[in-house]
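Remarks on the structure that follows.
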Amino acid sequence: GDILDHYLRTDGVWILSRNRQIYKTNNAKECAEKCEAERNFICRAFLFTRKKLQCLTLAENAKMTVMFTSPDAVLYEKKIYLLQCKRGIGMDYRGTEAKTQRGIPCQKWAEKIPHKPNYTPEKHPNAGLEENYCRNPDGDENGPWCYTTDPAIRFDYCAIPECEDQVTQTGEGECMRCNGEDYHGEVSRTESGLECQRWDAQHPHMHGYTVKHYPEKDLEMNYCRNPDGELRPWCFTTSPNKRWEYCNIPRCSTHPAVSGLGSQCLSGKGEDYRGRIAITKSGNACQHWNMQFPHKHGWIPDRYPCKGLEENYCRNPDGEQKPWCYTTTSSVRWEYCTIPSCDMTEQGIAGMDNMPVQAPLTEECYRGKGQSYRGTTSVTASGKKCQAWNSMFPHKHIKTPDRFPDADLRDNYCRNPDGDNSPWCFTTDPNTLWEYCNLKRCDDHTQE
């Protein structure tokens, strides 16, 4: 496989490391090769800067030192040094557990008091005998162990959980279909072995994914879930240094039953719509989902096998208000589509009659600095979705509706509460705090 498969990638962060080496490389893969070949220290991670093409191999990872934001940097951490669980008998365990199963602190491998060790860093340089961490240098069938600091007990085993215990391949409840949005299993560790934070807790990470806000997403205990249409189930972690991470859930051997009922018309938000309308409400033709021109995007059909991203048909893969598509017009990134309702009751017909075919001009442009803008655009200039003003996830902020009562900070609509140059919003991208919105000044509109 790819050398980078052995690393956990985090965009937009930097970590402090006293022990490091700097190299010039063309890409992250070359940087990983430098890390693998590093002889000055044990390379646990590396930083790669995209603009300077600079590679820094590091002796520390985010579990061992301070981490802060740096937009141009990408941090790659060796997964083996992040795992807090053991595979098999744990000969490759490189976690930081440093006490025995009875709670006795471990003796450092390089020390000779209170016990003179048979296994030392000098004799076994590849066994990871660092500090006083639990290890298994001799292939003991009972797993990682250490010499203890109790003179009466020479050594003892450590209580390291099994990585395999987190996933039971046999039960259909412990596997996922599609992107795992219907996963209701009990895996509660991330792919690197970190324990998940409870969904009803706000420590160490504050977030908005609560049962109150997402009652239908089964956010129980600290089980891995996919409430927001990610690639696969995830969770916030109990590590202050790692906000969230994907979980390692196997795919089910059986495929979900495909139902065609109600999929040719609009029901609810239209997430199950599978009709062939391929034009937006204002008449723009839709861009094919498997194309990246004129708009680059992440909704790639192969990544989302159950979202029905066929041809250029209108779809709702992300839980928007209704089906939408990217347009073939370079100046309009995406728009909603007008889909006939499945509910042909009087109420449904009335709803269709009131559905605007063309959005009013106030929704499409702003005057002056846009402080009076009250439209419903919720996308930034680069195409990122806006974070709701009353949400603190993924970004904590003070621009809340109660602090700015006259700014109409509804939902996640673009606004200008602080007199900036034009309407803006916080983004749902953890690496981008805020951006201006995809809006024009009304003066630029020929209709005006």
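Positions of Cβ are set from backbone N, Cα and C atoms, glycine also.
Annotated features, as they stand in TrEMBL:
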type	residues	note
DOMAIN	1-80	domain 'Apple'
DOMAIN	84-163	domain 'Kringle'
DOMAIN	174-252	domain 'Kringle'
DISULFID	Cys175-Cys252	disulfide bond
DISULFID	Cys196-Cys235	disulfide bond
DISULFID	Cys224-Cys247	disulfide bond
DOMAIN	264-342	domain 'Kringle'
DISULFID	Cys265-Cys342	disulfide bond
DISULFID	Cys286-Cys325	disulfide bond
DISULFID	Cys314-Cys337	disulfide bond
DOMAIN	364-442	domain 'Kringle'
DISULFID	Cys365-Cys442	disulfide bond
DISULFID	Cys386-Cys425	disulfide bond
DISULFID	Cys414-Cys437	disulfide bond
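For the pair Cys414 (disulfide bond) and Cys337 (disulfide bond), the Cα-Cα distance reads 21 Å. Across the structure, Cys425 (disulfide bond) and Cys437 (disulfide bond) are spaced 7 Å apart at their Cα atoms. DSSP assignment over the domain 'Apple' (1-80) gives 16 helix, 36 strand, 28 coil. Using DSSP to sort the residues of the domain 'Kringle' (84-163) gives these counts of helix, strand and coil: 0 helix, 13 strand, 67 coil. Closest by Cα distance to Cys314 (disulfide bond), from the disulfide-bonded residues Cys196, Cys235, Cys265, Cys342, is Cys265. The disulfide-bonded residues shown are Cys286, Cys325, Cys337; of these, the one with its CA atom nearest the CA of Cys437 (disulfide bond) is Cys325. Note on the disulfide-bonded residues Cys314, Cys325, Cys337, Cys342, Cys386: the fewest other CB atoms within 10 A surround the CB of Cys342. Across the structure, Cys365 (disulfide bond) and Cys342 (disulfide bond) place their CA atoms 33 angstrom apart.
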